[in-house]
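Undergrad: My questions will all concern the structure given below.
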Amino acid sequence: MKQTLLLLPGDGIGPEVIAEVTRLVDLLAPDLQIEEGLVGGASYDAHGTPLTDETLKRALASDAVLLGAVGGPKWVGTARDKRPEAGLLALRKGLDVFANLRPAFCFPALVSESSLKPEVVEGLDIMIVRELTGGVYFGTPRGIDEKGGLRRGYDTAIYTHPEIERVTRVAFEIARGRSGRVCSVEKSNVMDSGLFWRQEVTLAHAELGAGVDLSHMYADACAMELVRAPKQFDVILADNLFGDILSDEAAMLTGSIGMLPSASLGAEGTPGLYEPVHGSAPDIAGKGIANPCAAILSFEMALRWSLGRAKVADALFAAVGVALDKGARTKDLGGELSTREMTDAIIAAL
Ligand code: NAD
Ligand code: IPM
Ligand code: MN
């Protein structure tokens, strides 16, 4: 049976970068059955909801889902549960992709693009494992209301034992394939959910952590250490919110957020969700200058993690490195290539 890849280009630069990925699919995996659907603002405009049941059903029936980006100024005033971002959250929850892998890898050619000194980022290779379907993103109660004459807004940061254990297990497995080091971050000094996170990760380590060297750090200290001495980290394990923030920070170490892919994985045998870490970049949408590397490398991760094609993935990853070595740069990397020309350079390197 053919493997199926569902493309959900989304909004803003999403369709621009996904269009480039389809050129690589044609070249590297022409046997894949490609399907396409709407998500985010594009789905809201067409169907009045940022994710239809039908699209979620198709996602669940695929081998992998590749999403561009969602959101933009057009939908800012929309009710929260109808906003493009709500569609993305519903897709993550619906696919139950609880482990979000966000590599921060500094390509040798981009060492000088980082805002940090070359010696600080040269050879940088971090994997952030972000819990993706729990925590304050989904906790209840939440809302904006009035109580005792006071207007207020609130969310609930909550984690259960199985939620922490399953993502910790993934972080340990990934660390075993790397240096074996995992740094778990939280705010156990102020938050009960953070204290519980540390206790659970420690327990999981005692039970499942053979060969893993586990350390803990407060999230604020981790944010600081990431810019002071990022190479001390190998795998960083974080909850949904801290993982979101720290992965954007780590992105900038590598030169541009336009470089960073992600993989979101659920239980064995269920479809993975692949998406660039960046958003819909409304400021450059429609100009044809977005960096396609994050989307292309997200496809690379799909080949590796969901489609069982590690060799092809290796070749694609190497081609991105060669294109960069030869000086291929989009505007965010200080160059002048268009989205399409950047992809041309990667294809030429293949
Ligand atoms: P953003 O990532 O869209 O943009 C931040 C900055 O990075 C902008 O200056 C943008 O031009 C630049 N940038 C991002 N991707 C780039 C690329 N591939 N090439 C070159 N430059 C790139 O973040 P934002 O501005 O905070 O958010 C814009 C919208 O995107 C919001 O609606 C937000 O909610 C949404 N968003 C979506 C996702 C997602 O779909 N996964 C992720 C983050 C933000
Ligand atoms: C990301 C984004 C999303 C998040 C938004 C758009 C819902 O920032 O993928 O990092 O906060 O998870
Ligand atoms: Mn984010």
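Glycine is no exception: its Cβ is also placed from the backbone N, Cα and C atoms.
The NAD(+) binding site annotation in TrEMBL covers 72-85, 279-291. The substrate binding site annotation in TrEMBL covers Arg92, Arg102, Arg130, Asp220. Under the heading Mg(2+) binding site, TrEMBL lists Asp220, Asp244, Asp248. As annotated by TrEMBL, domain 'Isopropylmalate dehydrogenase-like' applies to 4-346. The site 'Important for catalysis' annotation in TrEMBL covers Tyr137, Lys187.
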Undergrad: Quick check: of the binding-site residues listed here (Gly72, Val76, Arg130, Ile289), which one has the Cα closest to that of Asp248 (Mg(2+) binding site)?
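TA: So, spelling it out, the nearest of the binding-site residues is Arg130.
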Undergrad: Which recorded positions are spatial neighbours of Lys187 (site 'Important for catalysis') here, meaning Cα within 10 Å, out of Arg92, Arg130, Tyr137, Asp220, Ala281?
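TA: So the list reads Asp220.
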Undergrad: Please list, in sequence order, the residues in the chain of Asp220 (substrate binding site) that are at least six apart in sequence and whose C-beta is under 8 Å away from its C-beta.
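TA: Same-chain residues close to Asp220 (substrate binding site) (Cβ under 8 Å, separated by 6 or more) are Lys187.
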Undergrad: Quick one: what's DSSP say for Arg130 (substrate binding site), helix, strand or coil?
TA: strand
Undergrad: Would you mind giving the whole-number mean pLDDT across the domain 'Isopropylmalate dehydrogenase-like' (4-346)?
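TA: Averaged over the domain 'Isopropylmalate dehydrogenase-like' (4-346), per-residue pLDDT gives 97.
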Undergrad: Highest Cβ count within 10 Å among the binding-site residues Asp244, Asp248: which residue is it?
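TA: Top count of Cβ atoms within 10 Å goes to Asp244.
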Undergrad: Which residue, of the binding-site residues Val76, Ala281, Ala285, Ile289, has its CB surrounded by the fewest other CB atoms within 10 A?
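TA: Result for the binding-site residues Val76, Ala281, Ala285, Ile289: minimum number of other Cβ atoms within 10 Å at Val76.
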Undergrad: Counting other Cβ atoms within 10 Å of each Cβ, which of the binding-site residues Arg80, Arg92, Arg102, Arg130 scores lowest?
TA: Arg80
Undergrad: Rounded to a whole angstrom, what is the C-alpha distance between Arg80 (NAD(+) binding site) and Arg130 (substrate binding site)?
TA: 23
Undergrad: Using a 10 angstroms cut-off on Cβ to Cβ distances, just flag whichever of Gly72, Pro84 is the loneliest among these binding-site residues.
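TA: Gly72, out of the binding-site residues Gly72, Pro84, has the fewest neighbouring Cβ atoms within 10 Å.
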Undergrad: Reported as an integer number of Å, what is the Cα distance between Ile289 (NAD(+) binding site) and Arg102 (substrate binding site)?
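TA: Pair distance, Cα basis, whole Å: 23 Å.
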Undergrad: Using an 8 Å cut-off from the Cβ centroid of Asp220, Asp244, Asp248, can you name the remaining same-chain residues around the Mg(2+) site, in sequence order?
TA: Ala219, Ala223, Leu241, Phe242, Gly243, Ile245, Leu246, Ser247, Glu249
